[in-house]
């Protein structure tokens, strides 16, 4: 069997706008499948009449985490498969699995059918790591081509006949047998890669607890002000008296979640490029990770905000939260790609990162739900938020284990010969 080079009708000098747009549409399927259930998971569990009402947050966490559990088991497998058979078949299978998953959950009449539907979507969805690999390769190829044209006005035509990317990874082997027999296997278990993936896992855990707890906290019954010693609690600084939630309707929670998405888009499109350019990737990563625990300490104090100022306070908390979480995620992805030793294993690295993140998303909802249920019984729903803050503190300490990447003469780390 011989290797054949695929021909493309696209102008190689054009920026891959259409390709990136289509990948963005496919990428939307995973967060929709994962997070669309957040606003109504608590109410859905109550409708299924599983356990008592105090434990509804725990069972809602189990329902949410079923998707992530299955995704964690298969993420690295799909990444490795995409390295062998191509990215598109894996993407299409992931989209089909997501479609069937959402249909099953929508028509579920009991928690078991809903759990199977969520797990099915996770088993067939390996799109996160695959899309990250495709986006990286498309943008990297374009950037290298244009930068080469600017920095090398005089070129060697012998090199240009075979392309402008001169790294060892960009030059394909002459035959498959050479690849298998002469090229040694590349390990992905480097210390820096593992440290970054661990940082991503910790961030994914406490970020997922926020997404799970926020709608529950908003929908939980609000204790009347005349029954809460608000003045005494604030004056004494008692952080362990926070009964109930904000008592918002399901529709209001949906509006808040949608507005949170708008805030996240602004942070991603406007704030992130400015901050990354002015502060730098590594320093911004340390800054955001160290300050991230503050987000989880702010939410319980919404109970003591007067109703007239409640909505501005909610938006302020959401703005702070999205500033930290939306900026930190792409920073971690950039650091992972910089630390990857070769593009030939990029799918495996992204698959491993996706599996680790999915494993943390699996654990986070039931643990956070259990802490919330415990706190509800002792009039301290803030207990779950404090647990998330504690995990974020661990991440703030661990981030210093991620060392700054050393580059060679301005080249990207993956282009540097060992």
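Quick reminder: no glycine exception, Cβ is built from N, Cα and C everywhere.
Automated prediction, rather than curation, is the source of TrEMBL annotations.
As annotated in TrEMBL, transmembrane segment covers the listed stretch 284-304 rather than the other ranges in 221-241, 284-304. When Cβ-Cβ distances below 8 Å are used as the criterion, the transmembrane segment (20-45) is approached by residues 56-57, 59-60, 63-64, 67-68, 91, 94-95, 98, 101-102, 105, 111, 114, 118, 121, 125, 127-128, 131, 134-135, 138-139, 211-212, 214-216, 219, 250, 253-254, 257, 361 of the same chain, each at least six residues removed from its ends. Touching of the transmembrane segment (284-304) and the transmembrane segment (90-108) is ruled out by the presence of fewer than three CB pairs under 8 A, sequence neighbours closer than 6 excluded. By the Cβ criterion (distance under 8 Å, sequence gap of 6 or more), the transmembrane segment (310-333) is not counted as touching the transmembrane segment (90-108), fewer than 3 such pairs being found. The list of residues near the transmembrane segment (189-208) in space but at least 6 beyond its ends in sequence, with Cβ under 8 angstroms from a Cβ of it, reads 68, 289, 292, 296, 325, 328-329, 332, 335-336, 339-341, 349, 352-353, 356-357, 359-361, 363-365, 368, 388-389, 391-392, 394-395, 398-399, 401-403, 405. Proximity of distant same-chain residues to the transmembrane segment (57-78), defined by a Cβ-Cβ separation under 8 Å and at least 6 residues beyond the stretch ends, is recorded for 33-34, 37-38, 41-42, 44-45, 50-51, 90, 94, 101, 111, 114-115, 118-130, 208, 212, 216, 348, 351-352, 354-370, 372-373, 376.
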